[in-house]
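One structure, as structure tokens, below. Some questions next.
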């Protein structure tokens with residue numbers, strides 16, 4: 001029997017790298033097929049509104065940006081939510097803090113499914129808006145994809161490339177949805 005698995009992209013696409021989770025979700029949806037199938041959702045910055053969605057799955061793979069002390073932009077982290085590396089500060093953008101609170105609340109209520117995070121350290125642009133990703137983030141794509149594939153394989157899911165749409169093209173069109 002197949003497990004219900006969710007790939008959940010989180011982020012604010014208006015702030016460049018801070019939208020990486022959403023962009024990666026769209027990238028996966030456009031460029032790969034999965035067996036058995038998984039659901040891929042653009043969670044944006046909805047945080048607590050995502051609790052009913054998150055709790056309806058057995059396993060959740062969250063794609064997001066993460067804040068970490070003393071590491072380079074574009075660094076990729078892959079970890080179980082319950083075992084986050086100590087350098088992860090969760091002190092970045094508002095959506096990152098809200099997502100942490102959402103996961104902790106869901107865990108406190110006893111409803112958190114197995115949750116794994118693939119997070120990339122963003123270049124923080126401040127208050128200016130852009131859909132463009134930094135070169136560091138674009139260069140981190142293959143490392144992030146390997147982390148995603150490794151986790152999905154561990155959960156019994158294989159992924160196969162079906163197209164080659166570039167991440168920077170996806171990022172510049174994410175606001176249109178997919």
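Backbone N, Cα and C define each Cβ position, glycine as well.
A TrEMBL annotation is a machine prediction, not a hand-curated record.
Keep in mind that this is a model prediction, so the values were computed, not measured.
Reproduced below are the annotations present in TrEMBL:
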- 18, 64, 95: Ni(2+) binding site (BINDING)
Inside 10 Å of the Cβ of residue 64 (Ni(2+) binding site), count up the other Cβ atoms and send me the figure.
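A count of 28.
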If you count Cβ atoms within 10 Å of the Cβ of residue 18 (Ni(2+) binding site), leaving out that atom itself, what do you get?
26
